[in-house]
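Heads up: the structure comes next, in structure tokens.
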Amino acid sequence: MADSAGIQQGSPAIGAAGLVPAAPGAGGTEGSGAAGGSARIAVKKAQLRSSPRPKKLEKLGVYSSCKAEGACKCNGWKSQNPPPTPPRTDQQSSAVNLQEPCRSCSHTLGDHVTHLENVSEEEMNRLLGIVLDVEYLYTCVHKEEDADTKQVYFSLFKLLRKSILQMGKPMLEAQESPPFEKPSIEQGVNNFVQYKFSHLPSKERQTIMELAKMFLNQINYWQLETPSQRRQRVPNDDAAGYKANYTRWLCYCNVPQFCDSLPRYETTQIFGRTLLRSVFTVMRKQLLEQARQEKDKLPPEKRTLILTHFPKFLSMLEEEVYSHSSPIWSQDFLAGASGGQIPIHTGYSHPRRHTLQANSCFFLNRYFLLCPCIIVGEKRKPSEPLPHEENKRPRVVGDIPMDLINEVMATITDPAAIPETSLLSAHSARDEAARLEERRGVIEFHVIGNSLNQKPNKRILMWLVGLQNVFSHQLPRMPKEYITRLVFDPKHKTLSLIKDGRVIGGICFRMFPSQGFTEIVFCAVTSNEQVKGYGTHLMNHLKEYHIKHEILNFLTYADEYAIGYFKKQGFSKDIKVPKAKYVGYIKDYEGATLMGCELNPSIPYTEFSVIIKKQKEIIKKLIERKQAQIRKVYPGLSCFKEGVRQIPIESIPGIRTCGTNTHTYIHSNCNTYTHFILTRLPVKKTEAPGYYQVIRFPMDLKTMSERLKSRYYTTRKLFMADMQRIFTNCREYNPPESEYYKCANLLEKFFYTKIKEAGLIEK
């Protein structure tokens, strides 16, 4: 185990064997390593299963209960506590025969196997496999030094012994069965890839998928440190929780790799975020350290991927693993526009497939070199459903078929089908140029600040001076001394925009975590670098930085020149933060407007414009397809030449099939029947004295006509409520015997007759 020689605490158990974890109790050092131990077990089982039937019965007789008369209670090798030395099974199997007396009772071993006379060869071979697993676990119990691990091995040893006696299948008795946490590690990494990288071109996205597969593969082979080792390293951690997960990992993932009579599961499929948090930091450090040490042994074409892209991938994943608000761990996580997840499969069927040559030096190198040989999960066929589809939300009537969505997605991601949008195009996003420059490494973003506790960093101090100069030039109304004091104040931080090693812009801010908001103090980009989308991209980076730090509100005082910029970035004068939270904390500026912005932790702000652009393209393509299906030219209406003054809208050929939405249909119908009734102006005070004292909510047809033009009536109920108000007001102001009262009743009846004919309400 991890505390034996040759295996570091929490290390990947690659040792000399490569590709497989250390065998239980062997520490990865026995014989030719873990792979050799696993291979020897497999060879032993194959030899025993090919032996003559009498030899098989002799082997099973040692572990079976006595069936002799006299109610013998002998269970074969029945010691509850294993003797100080393990049995020499190789010599025992050749020396024992069925006529020999049992060592625990006076009956022959033949009396122990009378129940196996009519058992099939397949069932006997299964029992023999359990016997060899029992002997292997017996050895593990004696070699293991860690008390917690030894206890698990002994429990599994007794479980397998019981399965032989009862001729049943080993079933682990636990309060919970796999999976132990949802979403699983594999699902979380799938969500992470979809959440952070779905916007990338297919080639780059494929690279990320390979890194994700490689990472999941390593977790499945990771040798967890024992609970006692973890207590020494992290004394304040949840010891009970880790011990429970460690026990589950041994029973369901680690031991079954060598004892195949036990059901085996992948670590990444039955464990979730809790286990990943407990191993991620140590795992990341050791993997990257080993990569740096053995970089010269990597093939040149893989060196950049492993030494550059993999560390960045792990850093981004680490933020999501330890963030309390990361959406990738939500069971309601929605996949990207394609409607599906990126399939990352890491499962394998049997440890014997790891009997490849174990002379590769580094796991990443091996992973890419052996990819054609080692199939890490089968590829899903296009016709097969995605693994998570059964958990998706129920389809809504009118939903667009998923195959149509996928077809459209294929066209908008195909460079040949849709050319790249020009940066000067009116359709390009404000931050598109800045985003491309960041991807090419032209610009960088860094959150920096002054510190009184750490040794000054020359580069950071130079950047702070540069920020002070940019703010002073771009904000001439602000005193230079005031800007300098805040930029160098340790309580303030600045998101700096660096281009060619110099500062060209930044956002200075102060975080108030206890109050739940951040105050933006200065925001500026140098004049000769403006109108390039840098300001928008700066703000988007600042939003993502605060989401990671779980602060979801911005406040700022904007002058008349900055209000437009902040409105474009999602700020408004409607402040969501309670006044008691920020009064006395933020600085007041005379003549400025207080604005606020509420962040949504589910939005990747730096890629938001790309996502919106894709959605627009999808809708555009769907509309084009729909129009191509229904486009038909109808002849003009001739009924008006014959004296007809008006007809129902729905009777016009093509109206029902043209795909007109409900809003337009309601608008057209309401418009027709408003003019069909009459045109009436609002009531004048001179014509009806005291009218507005009696009628608190006046309504008239002119007002309704104006509301129709402005498309105020988005539902039928709004239109009918205003019309009903006219009738109600008329009856309320006029006496029942008046002509006006009677006309209101007649008009109301006529109105409802017409809207029933139009189908706006049920008849």
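Note: Cβ is positioned from N, Cα and C throughout, glycine not excepted.
The stretch that TrEMBL tags with region 'Disordered', taken from the ranges 1-39, 508-546, 586-624, is 1-39.
Reported as a whole number, the C-alpha separation between Tyr561 (acetyl-CoA binding site) and Glu519 (active site, proton donor/acceptor) equals 18 Å. Sequence-distant neighbours of Glu519 (active site, proton donor/acceptor) (same chain, 6+ apart, CB under 8 A from its CB) are Phe509, Arg510, Phe512, Phe554, Leu555, Thr556, Tyr582, Tyr585, Ile586, Lys587. A simple way to gauge crowding: the CB of Gly535 (acetyl-CoA binding site) has 23 other CB atoms within 10 angstroms, across all the protein chains here.
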